[in-house]
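One structure below.
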Amino acid sequence: MPWEPIKLNSGHYMPSIAFGTWKTGNGQGPVDQVKQALGSGYNHIDTAQAYKNEEETGVALKETGLSRSDVFVTTKYSGTNGLDIPTSIKNSLSNLGLSDVDLYLVHAPRLAVPDIPTCWAQMEKVQDDGLAKSIGISNFGVKDMETLVASARIKPTVNQILLHPYVYERQKPILEYAAKNGIIIEAYSALIPITKSPGGPLDKPLNEIAAKFGATTEQILMAWTKAKGAVVVTSSSKKTRLQGYIAAGDITLSSEDIATIDAAGALGEEK
């Protein structure tokens with residue numbers, strides 16, 4: 001599959017497309033959706049303390065019968081119920097039914113209390129203690145990353161951020177800083193130009209490029225995100241869509257295609 005694993009600065013490899021449980025809800029729904037994703041070619045599941053479905057994710061992992069090494073599991077410290085990092089990671093592992101996660105993220109810089117260096121030292125201990133193979137961040141801006149890297153003993157492996165063509169210009173400094181520091185970007189909400197902001201400047205070029213490849217506009221946005229060097233975190237309750245997102249890894253956009261999407265994205269830039 002062309003969604004090749006990406007080597008993290010921790011030495012571990014991460015699948016470059018993930019199924020995210022952000023909007024899957026609670027109860028049987030997320031159990032079924034995670035199992036469906038695992039049966040559709042996804043081997044990276046992204047959840048978080050704040051999503052309140054780590055337990056359901058754990059049930060799905062158990063019911064699939066897959067071995068631990070077959071699935072890359074990410075969860076996040078979200079500061080839920082005011083709990084600290086040492087307590088939160090243990091709760092998350094208990095919910096997931098795992099002895100460790102592959103990746104543990106600080107969900108947002110505002111959660112780094114009393115400050116980023118102190119918070120990150122606690123994250124480093126999570127890795128030292130073998131509770132997470134790799135550690136990283138989410139929604140951190142350049143200044144946040146600079147503060148973290150200046151004090152870090154272990155560099156963050158990833159920064160998971162909002163990324164799609166309508167916010168690309170705004171987010172580009174984060175991508176550039178991450179690239180210089182060996183930090184992989186994970187992109188969430190890559191499909192917003194279609195799902196939440198249709199009728200904008202991207203519609204025409206996305207449709208034209210999709211027609212050229214015999215693909216959907218969703219697949220073109222996935223291919224664009226991949227072309228930016230980002231890992232894609234996506235979700236759908238529909239198996240056909242999940243399979244389509246996997247197939248998008250086969251699409252290689254030309255530099256002209258990418259430039260066209262960039263330019264249209266800039267015209268509809270979200271302020």
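Glycine is no exception: its Cβ is also placed from the backbone N, Cα and C atoms.
Residues or ranges marked as domain 'NADP-dependent oxidoreductase' in TrEMBL: 17-264.
Residues annotated as active site, proton donor in TrEMBL: Y51. Taking a C-beta cut-off of under 8 Å and a sequence gap of six or more, Y51 (active site, proton donor) has these contacts in its own chain: T21, W22, T24.
Per TrEMBL, the feature site 'Lowers pKa of active site Tyr' maps to K76. Taking Cβ-Cβ distances under 8 Å and a sequence gap of 6 or more within the same chain, the neighbours of K76 (site 'Lowers pKa of active site Tyr') are T47, A48, Q49, A50, Y104, L105, V106, H107, S138.
What TrEMBL lists as substrate binding site is H107.
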